[in-house]
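To start, the structure itself, in structure tokens.
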């Protein structure tokens, strides 16, 4: 089969339209886009060309949902849950690196692989779950931004919820300047958040020995520790991030040699490691500040009550009372930057999820409008009825939903990156496969344990009649059975679809590229939809003879 291109002298990826058909439409239609080209030479300076996607991804690890769970963790258990942050950050680095490798090696992101691999019904269910996870991720961002506006300008929470829809559309206008400008903006916002919380840490001065003990000594003390630990995991390792990272790495034009692909995978891991380390330090700072302040010996009665039911809005006033008004403003600025930047990345993740699973492309503003409406409705209802306390509890629930949905993005990623039919020589080694499956199994086991134990406790302590309890028990355990059956299906189903063009690393593929293009440099063209962060319109394709 041949691949044709009208005005390119370099080999194209073979695009797939549908589950098993080929297309002669190149993934790049215009080679004059603002591409980020990685030089075809060995140099540590190439790292700068790869900088960017990791910072966009790391935003999800320091969004308002993380701040909410971090604040409650510190207030209730001091530094006792810091080890969860360390464990989740290490797991995130491994998992995000696998997502980047999948995109680099195959030229297709995770959602596109799911569409090619799974039957139509399974693919649709996975898409629905991915969309739910994006909405669940957007809820804390809506509420967090509303809290920030309330702290800075005394705007009521429910009005702030409505304003978040307009503010993000303004920031999305940056897409016309290209992916590199957006990456610089996100990196600036990440550093702004880091600076704010490091300044907070300087005010609070937590005990270093206790912080280190919390980081390296696992413990779950108290009845609510398990639920909060699950919320921390859900807030740290988000399903939509796996789809996003595997797509963002396609914005670079990399050499398709063995060395070029290995270098891309290595540098993306280094870049992700640096970005996630910054996110890790920020989360540790938030928990340490909350733990130091709420467990201080000189707290008055009002502050002690606030610490027992701490949320993002109360946290600002608590910090202002204890640490000074300037500290409260720092927290609000960090929260605003976090909410806005997280919403941008969530919107792009939603675009790639919809395009990958359904081959459906929407304008970014329309995609943001749909997602934001679904997130604003429950946020607005809770903000009006329950106030800031109810909104804070909604953030915890949203984080738990993300944790429960993680297997339905993580398992396909682990299966695909461990498959030689998809990754060729770049498939996960036995050691990496074992580590990643252990991480995934632990996350799923914790989720299932909490789900079953929490549901049984709810039934035993409920005031419903016996018949209602029996009905709810049957309904609930049936749902758990479906949940476990879905996980088992993804785990034990064998991959059937091979990637049509892994990389120009075999003699046959190199010879094919040279014959077709007459160019031995063998570059992978960056995908225009990722470069511009705006998906192209649907194209008509014809099968090759």
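Backbone N, Cα and C atoms are what each Cβ position is placed from, and that goes for glycine too.
TrEMBL: automatically predicted annotations, no manual curation.
The structure displayed is predicted, hence computed values, not measured ones.
Annotation comment: TrEMBL describes 47-62, 82-104, 124-149, 155-172, 184-204, 224-244, 265-289, 330-349, 369-388, 394-414, 426-452, 464-492 as transmembrane segment.
Within the same chain, the transmembrane segment (394-414) stays apart from the transmembrane segment (265-289): fewer than three Cβ pairs sit under 8 Å, each pair at least 6 residues apart.
With a cut-off of 8 Å between Cβ atoms, the residues of this chain six or more beyond the transmembrane segment (47-62) that come close are 36-39, 89, 92, 96, 100, 137, 179-180, 182-184, 186-187, 189-190, 193, 236, 238, 240-241, 244-245, 248-249, 251-252, 264, 267-268, 270-276, 278-280, 282-283, 338, 341-342, 345-346, 348. Looking at 82-104, 124-149, 330-349, 464-492, the range that has the most CB pairs within less than 8 A of the transmembrane segment (265-289) turns out to be 82-104. By number of Cβ pairs under 8 Å, the transmembrane segment (124-149) is matched best by 330-349 from the list 82-104, 184-204, 224-244, 330-349, 426-452.
Counted over residue pairs separated by six or more positions, the transmembrane segment (330-349) shares fewer than 3 Cβ pairs under 8 angstroms with the transmembrane segment (82-104), which leaves the two as not touching. For the transmembrane segment (224-244), the partner stretch with the highest count of Cβ pairs under 8 angstroms, out of 82-104, 184-204, 426-452, is 82-104.
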